[in-house]
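Before any comments, here is the structure.
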Amino acid sequence: MSQTHRILLLNGPNLNMLGAREPKHYGSISLASIEEKIQTLATQHNVKVECFQANSEEKLINKIHESFQQVDFILINPAAYTHTSVALRDALLAVSIPFVEIHLSNVHKREPFRHHSYFSDVAEGVICGLGAKGYEFAFLFAIDYLAKK
């Protein structure tokens, strides 16, 4: 890439507990380890990545708003807000930044209430069920997407 692109990695509620929280569904890797891997990839691809996690819908929305005209791509794991937050969806649409929706677990193999997403129909793509590797795949997709712009 000739210019340095900026990517925002957003993680929603309870993802700060990765590694300890329900490893059957989410694996044993910590969020810090996932972020470290993405930062390593970013360095290799000459991309700047900012990582942000919040348990609060308001903080996530504010971070999205702050990204307007500052960020080229968003990688988001909205966690439980996937199934409930029209406000987060509206924030993403308001800033018009392309994004990929990420889920560690395969939400379609879980409880029925997890099968609906307020984001997937407006996302560039959705990655679910691939564990922490899903973040890497989403990052590489973003790199490819931005290279084609």
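Backbone N, Cα and C define each Cβ position, glycine as well.
Features as listed in Swiss-Prot:
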| type | residues | note |
| --- | --- | --- |
| SITE | Arg21 | site 'Transition state stabilizer' |
| ACT_SITE | Tyr26 | active site, proton acceptor |
| BINDING | Asn77, His83, Asp90, Leu104, Ser105, Arg114 | substrate binding site |
| ACT_SITE | His103 | active site, proton donor |
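On the structure: features taken from Swiss-Prot.
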residue : record                    : DSSP (3 states)
Asn77   : substrate binding site    : strand
His83   : substrate binding site    : helix
Asp90   : substrate binding site    : helix
His103  : active site, proton donor : strand
Asp90 (substrate binding site) CB neighbourhood, other CB atoms within 10 A: 12
Distance [Cα-Cα, Å, rounded] between Asn77 (substrate binding site) and His103 (active site, proton donor): 6
Least Cβ-crowded entry, counting other Cβ within 10 Å, from the recorded positions listed as His83, His103: His83
Neighbour tally for Leu104 (substrate binding site), based on other Cβ positions within 10 Å of its Cβ: 24
Binding-site residues (Asn77, Ser105), the one with most neighbouring Cβ atoms at 10 Å: Asn77
